[in-house]
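Shown next, in structure tokens, is the structure this report addresses.
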């Protein structure tokens with residue numbers, strides 16, 4: 001299947017400049033990240049909704065105060 005081992009490519013100073021992972025290495029790396037990413041996305045959506053609702057409530061309160069005057 002070609003590149004079974006993966007590669008680490010370094011520059012002339014020994015710093016890693018590129019890493020080529022095998023399919024299995026990618027799977028091992030990404031699998032634990034997927035639930036964490038999903039959780040972050042859900043958390044951000046909740047935060048955005050909360051902010052939108054707060055703004056909506058503030059605007060409604062301002063409109064109510066204006067109409068009462």
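Each residue, glycine too, has its Cβ placed from N, Cα and C.
From a predicted model like this one, the values you see are computed outputs, not experimental measurements.
TrEMBL has this to say about the protein:
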| type | residues | note |
| --- | --- | --- |
| REGION | 47-69 | region 'Disordered' |
*Same-chain Cβ contacts of the region 'Disordered' (47-69) under 8 Å, 6 or more residues past its ends?*
none
_Counts by DSSP class (helix H/G/I, strand E/B, coil) across the region 'Disordered' (47-69)_ = 22 helix, 0 strand, 1 coil
